[in-house]
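Features as listed in TrEMBL:
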BINDING   Cys102, His104, Glu140, His165, His364  Mn(2+) binding site
DOMAIN    189-281  domain 'Peptidase M20 dimerisation'
Amino acid sequence: MSDWFKYIDGQLIGQLSEWRRTLHQFPEISNQEWETVKRLKAWLRDMEIDIMEFEGMPGFVALIPGLTDEEIAFRADIDALPIEEGKDCSYASKELGVMHACGHDGHMAILLGLAKVLKEMQLQGKLKRSVRLIFQHSEEQVPGGAIPMIEAGALGNVKRIFGLHLWSSLEIGKIGIRPGVMMAAADRFIINIQGKGGHGSMPHQTVDTIIVASQVIQSLQTIVSRNINPLDSAVLSIGTVHAGTNFNIIADKAKLTGTVRTFLPEVRAQIKQRIDEIVTLVCKTYNAEHTLIYIEGYPPVNNHESLTEEVTAELSKVIDTQNIIQIPPVMGGEDFSYYQKRIPGVFFFVGAGNHAKQFNYPQHHPKYDIDEDSLAVGVKCFLAIYEKYNNTQEIG
């Protein structure tokens with residue numbers, strides 16, 4: 001282990017917490033992260049790091065050139081969620097109805113920490129491999145920020161990309177990783193049902209959309225249980241149901257929204273087709289009309305097989321092997337997957353939970369928080385990966 005890891009535990013650890021807590025107090029939702037970006041750029045410019053900006057989007061890239069044309073990249077997401085913070089702490093969100101409830105404040109702090117270390121290496125003439133640090137907007141909101149950043153040139157000559165997520169269900173000091181599919185494709189759908197309203201005492205003169213909606217909901221739940229192979233994981237959940245205005249009025253409209261999570265493209269396509277078939281037939285049965293909007297979200301996060309093995313070996317230099325866990329795939333979605341469609345990449349989880357300190361609330365919970373010791377772990381993980389590539393050999 002190089003002296004740079006001691007630098008993280010010594011001079012950098014307090015700064016990581018300070019960065020993270022400042023960012024936590026001033027969260028911004030997807031596509032509105034302009035003040036967040038101002039702070040990040042100011043800190044990076046204080047380090048004398050060059051910045052690549054893109055017109056019309058908050059996301060940007062920090063450039064730390066070495067001696068190579070070929071680059072590697074590390075990515076952090078920067079957006080927060082429309083959730084009112086429920087935790088009373090000195091660094092609680094100051095923005096009404098918005099908080100960093102998914103750890104993105106920590107991701108930014110980790111990437112800033114990596115930037116600090118790499119810049120010090122550059123100043124000492126020890127940085128050989130050129131690096132891009134991608135601060136990406138709008139991970140939480142489909143279609144996400146990855147695609148516009150890629151199309152604008154964020155990847156440059158990047159040959160490998162790496163990302164992480166602070167994960168509250170993993171205890172501090174543990175790493176979760178797996179080759180192949182790690183996170184699900186995340187789709188959503190909107191079903192609008194049009195019937196014929198009327199008085200509650202005369203249902204025979206109506207087309208009751210609440211009845212139709214209830215039949216649609218029940219029937220959709222048979223897709224996973226009866227159409228999908230039990231060995232192929234899938235989730236279909238209805239998230240909202242809206243219909244009716246009063247106790248004695250039969251509703252003429254109903255609206256359903258939901259999500260579909262899958263790992264395999266053929267299962268994804270099958271569920272999409274079955275939703276269309278079921279909604280069409282149920283509505284026809286009850287003389288209702290409908291519209292179905294199916295929105296394909298992020299593809300699955302798919303870790304490059306051999307690269308994951310290499311990353312795991314590098315992580316074992318800073319994390320005890322017994323604490324590097326091959327986790328099962330999770331049904332959450334991530335637009336890091338779009339980078340992986342362009343170049344080999346690996347995404348992994350860094351344990352940020354600590355039951356003893358009551359850091360045990362899940363992502364997207366109003367009381368979500370992290371054990372800040374995970375910030376140094378994240379920087380060390382990224383640095384360990386970087387050191388593997390800190391040479392002038394072609395990556396290919």
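Heads up, the Cβ atoms here are built off N, Cα and C, so glycines get one too.
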Not counting Cys102, His104, Glu140, His165, His364, residues with a CB within 8 A of the CB centroid of the Mn(2+) site are Asp77, Asp79, Leu81, His100, Ala101, Gly103, Glu139, Gln363
Sequence-ordered list of residues in the chain of His104 (Mn(2+) binding site) that lie 6 or more positions away and have a Cβ within less than 8 Å of its Cβ, or none, is Ala76, Asp77, Ile78, Asp79, Ala80, Glu139
Close in space but at least six residues away in sequence, with Cβ under 8 Å from that of Glu140 (Mn(2+) binding site), the same-chain residues are Ile29, Ser30, Asp77, Asp79, Ala80, Leu81, Cys102
Students should find that the Cβ of His165 (Mn(2+) binding site) has, within 10 Å, a number of other Cβ atoms equal to 28
Should one count Cβ atoms within 10 Å of each candidate's Cβ, the binding-site residues Cys102, His364 would be headed by Cys102
Its residues classified by DSSP, the domain 'Peptidase M20 dimerisation' (189-281) shows 39 helix, 32 strand, 22 coil
For the domain 'Peptidase M20 dimerisation' (189-281), the averaged pLDDT of the predicted model is 98
